[in-house]
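S.K.: Mind having a look at this structure? Questions to follow.
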């Protein structure tokens, strides 16, 4: 019985002891299993306080993720997105908010820099957001930082000198902002290895304190306004691998000490004002240099023979070098790794023999640019010579004075890119060109070609899948119909045959290209018939202006969901206003000028339209007062916030840029490239009547407004005073009455205005812009008077001023604000408009990422890619 009692009493004792053991024993010490502690409460609270200062810009698109959405009060901050903690202490060590769609204006009291609860941060990454304002000096509180990345934001002001006190930093990226002034002293950051301050507005000379940074490996100063000479003792940076300072105003000679740095692999100093004789000095042996770009400077003299010592060179750009003599290509034969060679615009006095060059031993080169030099090429060669030593992939011969198509190219079966534009080549384009199996890009523009050889179609039949993607043949003398072989180029993305003498209709077989064709330019030909009804689902730009096209706009265009530019000007199209095009969510440019369009301009909400030209048609009727309420791209609702980065339409496409002709400041001007922030509205030379809609004042981003030669009546809306970006205003040749609104005198960008041939009266506004106009701008308005008018029209009659202005003018300001309120009150409509806004301004899809914009790769990202 005793034994039984003992056994039953031991069991509960042993179990309770085991529970106690499990809860108290530190298994981590035995098994080495890490357990993440809960984050510290004061740090969680600090992060939540920080979150309140951020606004998430929605929608958040590809490549961007709203990191702070996972931050919640009832969860462990160590598990939040963008947060890395110490596994033992729970201390927040890393804060990564990059690409998070965050917007905030920083100031001296911003929580991020003032809370001491995050003082042990080692990494702070705010890159690729929409942060603005100035960096406060208290950033030095983060004394443990090793990585600080503020790149690709909108930070302004000077770079705070206190950053130089962050002595533990190894990585600092301030690129892609709006910093101004001189760089502060960074000489105490002895651990720094990577420094990027490119793409700002920094001034002054080369920051000499940087020469103290002995561990520096990557240095980028590009795209600023630095001046003066580069230091002669650049060799102090003995660990430098990557040096970029292109796009500044550096002068003086190229410091030869650069080439004694044994670790240096990349130098880019293009687009400066460096001068003198090109010399490389004592080159380190063996040289590790792989990239050398010193193009677009003011160097003179021959290419130094010592360049042959750069035995690992892969990319060499010496373009725009004033060689003042012949080019000795033998100096490149020792560069066995050379792949890209740019010798364009050398100002050489001799002719480059392409045949001799192709017979040389530059076998590693796959891309060569000789544009802007005198180049000769034997056109008649034997079959035995069809196998040159040199096989090249990319050849650029633009503006080389070539008069016949180089026959030697027919054996270049590895060629992918051929630019032979801006020469004097006449006759027909040879059929064998299209048999080159890897050919992707051909530029034949600005020559004297008359047609394509008949053997072209036979040549294409020999290729299973033609690879051609870009065919540019503009500004030639091509005649006859559009060649049918083009329909067989089923990978074609860009087709430009503009400015030729082609006739006939657009072939229906071009529907074969509906899956790939993005840019079609056939303007300035003699094409007739109707527009194709095929659905080019990838079409982004269609320009068929200045032809003889008839009929109507195909209603199938409503399914061109990718369309951004539609230009049908100067044809014979007879149709009503295509209001249905407003459903195209990406349409930005619409040009219907000089056709036979007629009837009313129906009310339509063109949310994304930035340029519209309806001039020289037969449109009639009135425009309702709220006509422009939802034209968001021309209003501040979709205005780009990046004024410093002037981006053009088609920037992401190297081989094609949209253009448009507009009446601007009284002159017909061609915009060879279209700025993304440029906006214009031209309704001139029609039969429109009634009052000018007061909602015109909502278009605050408008640059050009032309309503001339219509039958508008009533007063000029005072709401036009809201058009803060307006540069050109033409309301001449109407029946307008009343005064010129005084508010127009406050428009500082308004350089041209025309009020002539109306029934205007009263005081002409003051202001510099009005005083700079010609007298003709006010002609045939006998009731106008004022000092501004007296200055531009010497002898005028000034009637007595009226005592009372019409009550309509007194109410206009209130009414335009009513339209603004109405616009804001449109609930779902405005949400839809804002969605389109962000698509246009902040969406960065793959096709938009090459140059783009504000989300271009930073210098250190490019560097990392090279290492991979």
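Using N, Cα and C of the backbone, Cβ positions are placed for all residues, glycine too.
Annotation comment: Swiss-Prot describes 73, 141, 233, 282, 342, 347, 477, 503, 706, 746, 754, 774 (among others) as N-linked glycosylation site, evidence class sequence analysis. The repeat 'LRR 1' annotation in Swiss-Prot covers 118-142. Residues annotated as repeat 'LRR 3' in Swiss-Prot, with sequence analysis given as evidence: 168-188. Annotation comment: Swiss-Prot describes 413-436 as repeat 'LRR 13'. What Swiss-Prot records for 438-459 is repeat 'LRR 14'. Summarising the annotation, Swiss-Prot assigns repeat 'LRR 15' to 465-489 and lists sequence analysis as the type of evidence. For 561-586, the entry in Swiss-Prot reads repeat 'LRR 19', with the evidence type sequence analysis. Annotated repeat 'LRR 20' per Swiss-Prot: 588-606, in sequence order. According to Swiss-Prot, the feature repeat 'LRR 24' maps to 724-747.
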S.K.: What parts of the chain pack near the repeat 'LRR 24' (724-747), using Cβ distances under 8 Å and only residues at least 6 beyond its ends?
M.R.: 663-666, 679, 684, 692, 700-718, 753-767, 769-770, 777, 784, 805-806, 808-809
S.K.: Determine, from DSSP, whether residue 706 (N-linked glycosylation site) sits in helix, strand or coil.
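M.R.: Residue 706 (N-linked glycosylation site) sits in a strand per DSSP.
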S.K.: Of the glycosylation sites 73, 282, 477, 754, which sits closest to residue 233 (N-linked glycosylation site) by Cα distance?
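M.R.: Minimum Cα distance from residue 233 (N-linked glycosylation site) across 73, 282, 477, 754 lands on 282.
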S.K.: Where the distance is taken from Cα to Cα, which of the glycosylation sites 282, 754, 774 turns out closest to residue 342 (N-linked glycosylation site)?
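M.R.: Closest by Cα: 282.
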S.K.: Would you mind pulling the DSSP three-state label for residue 342 (N-linked glycosylation site)?
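M.R.: Strand, per DSSP.
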S.K.: Report, as a single number, how many Cβ atoms besides its own are within 10 Å of the Cβ of residue 503 (N-linked glycosylation site).
M.R.: 15
S.K.: In the three-state scheme derived from DSSP, which category covers residue 754 (N-linked glycosylation site)?
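M.R.: For residue 754 (N-linked glycosylation site) - judged by DSSP and reduced to three states - the answer is strand.
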S.K.: Compare the Cα of residue 503 (N-linked glycosylation site) against each of the glycosylation sites 282, 347, 477, 746 and report the nearest.
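M.R.: Smallest Cα separation from residue 503 (N-linked glycosylation site) among 282, 347, 477, 746: 477.
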S.K.: Specify the nearest of the glycosylation sites 282, 746, 754, 774 to residue 477 (N-linked glycosylation site), where nearness means the distance between Cα atoms.
M.R.: 754
S.K.: For the glycosylation sites 141, 282, 342, 746, 754, which one has the sparsest Cβ surroundings, going by other Cβ atoms within 10 Å?
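M.R.: It is 282 that, of the glycosylation sites 141, 282, 342, 746, 754, has the fewest other Cβ atoms within 10 Å.
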S.K.: Could you say which of the glycosylation sites 233, 347, 706, 774 has its Cβ with the most other Cβ atoms inside 10 Å?
M.R.: 706
S.K.: What is the one among the glycosylation sites 73, 477 whose Cβ has the most other Cβ atoms less than or equal to 10 Å away?
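M.R.: Within the set of glycosylation sites, the most crowded position is 477.
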S.K.: Using C-alpha atoms, which one of the glycosylation sites 141, 282, 706, 746, 754 comes nearest to residue 774 (N-linked glycosylation site)?
M.R.: 754
S.K.: So of all those glycosylation sites, 282, 347, 706, 746, 754, which one's Cα sits nearest to residue 73 (N-linked glycosylation site)?
M.R.: 746
